[in-house]
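Here the structure is laid out as structure tokens; the discussion comes afterwards.
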């Protein structure tokens, strides 16, 4: 799929190309390494398990007899995926790929992390609602795929927790500075997966990393406690965000699957092994703040995260994933499979303001989490290294700053390329006394706080331009920074975070992604004791908690929410839980206005927030659900042109698609994306798209729901038949048809290449809301 930015249209390859795509990608993979290249690489093999000869007692015996020497195998997969990963040369790969039982081969790929008040902000309240009705999720097990955990933190105490659920089959693996005694009735399991990482040639640095479930990075400890941390009093990060910290599901049990390694990312072969282990162990929810982050979305049958998560969802395990931090660019969202829930990030009503005060008296508002000695109003000379025109200077890259120019001054650094806290370290090393971090146009006005090593304030793009203009026009530019601490009650909130990845869906336009947003900006949660809050090795500070931003922080909010809903409704499927969250999400902020986009200050759209911002006040009782089965997902794969062999790679079982090809828009999803054909006619031709949906009543048995459609776009109409749904004890499911009609000559699709609306069913008590997106596309 190629996006033509000027016309805001998405062009889709003809479906006939898909029949040979599988083999083209395989041959491309084989051709990427020259015949002379004898370097070993890790490859993941998807095997047709049904073709195992009966002479072999196990798949392992088969693999090691016909495929590869035992010493070359890294992982065996037999739960969400049948096959193995192995370290092979190009010649070995070429030979094995011809085996008739090989369904797919893909090279191991490195993934990246998408890196207290928030539970109340999403509608949770003590002693009532979802918390009280589920005992805070005490019977649900959340598996976290991340960098490990620091088990001694108070957030993982098992005080007053009941016994571990009897269905739990997992273990607590021993390793460096980690023993089975580190697990308890809260942290009931911990495993680590390093074979793929080690086979990549990236050695583990035992001075900064632990070959065990122990967390050397901090990210995993943070996400785990966000999802299910216990109540912790007197929580704060260097005085910021003081109060009581707790996760979304404070009594849910945790199992950590360490698949990501400090400064090294996370490898697909290890992630697949974690999926296998987590399902066999007995988790109910998987939280995965991991994604591609390279701008490439692989087809579902070549994406181990999509394959592994399908295996989990098909067994009733809810999988929550982060959408990525490559916003506000369009079509940047990752983790696109329709069986996953994909989470974007929004703000909460708490902030950490700071002000830059210029020598001319101007006060520029930004944010900061600096906690050291303040500047106390003292003015310092102000310098922008980027005036030299050298990009590395403007970005304050490593060794780019001249101490003779920087010493004793506040330095303006542009955001991008290297970590924000690393820029501050470079300024400090060069003798600077402070830093002002300015956004470029790509980041817009969205700023987040960081625990910098020197006085720092982050500013949006417009104020960044103003401060640079001040420097260039003033003979003696000077400034200071004033830190305001913690402020709650910020309005408006939520706001879509500027970094939150955006739609449309690069693989399947008909499936809206992200699905929803959740708190992901300046989130306080537990932290490792292996590194300071900045994450820099030179940071000697230690903190029980840290404040981070990213869709990595939003994802575990939804994971915890899923745990609570699973506890309240054990019979609900993963799709039903997702539906409850999506159809009760809010599109309004705390001023009762429509959510805005932090990057621009303008209104946001479903390409930014999906169905809306997580709101658990109503999710426990959503009224109606859009449910899905494994067969529904198979029909979706048929609809997008996948052949039986490709589908088997994902589902493990062979499936024959119906002769009459289904339509992808008829997947029973809680959102509607009408992809109308792009018309070359200059006349006023009518274009239409029809959707079939079925809802299940989980509210009062005898209920009547009426439809309400909001669509104010010129040239677009939406009709729903029937307009009333009547339920009874005997009739719990009802179907309806939605028809979206556009007048080709009259539709104005706007900057996003789409127009937006909503469809709601209401019985006077419940409002079951779904977003509507109308766009156009044409084949090549």
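Using N, Cα and C of the backbone, Cβ positions are placed for all residues, glycine too.
Model, not experiment: these values are computed from the prediction.
Listed in TrEMBL for this protein:
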ACT_SITE  146  active site, charge relay system
ACT_SITE  219  active site, charge relay system
ACT_SITE  552  active site, charge relay system
DOMAIN    52-114  domain 'Inhibitor I9'
DOMAIN    137-603  domain 'Peptidase S8/S53'
DOMAIN    382-467  domain 'PA'
DOMAIN    666-774  domain 'Subtilisin-like protease fibronectin type-III'
Rounded distance in angstrom between the Cα atoms of residue 552 (active site, charge relay system) and residue 219 (active site, charge relay system): 8
Inter-residue C-alpha distance, residue 146 (active site, charge relay system) and residue 219 (active site, charge relay system) (nearest angstrom): 7
The domain 'Inhibitor I9' (52-114) - residue tally per DSSP class, helix then strand then coil: 18 helix, 21 strand, 24 coil
Local confidence of the domain 'Inhibitor I9' (52-114) - pLDDT mean: 92
Tally of DSSP helical, extended and coil residues in the domain 'Subtilisin-like protease fibronectin type-III' (666-774): 1 helix, 64 strand, 44 coil
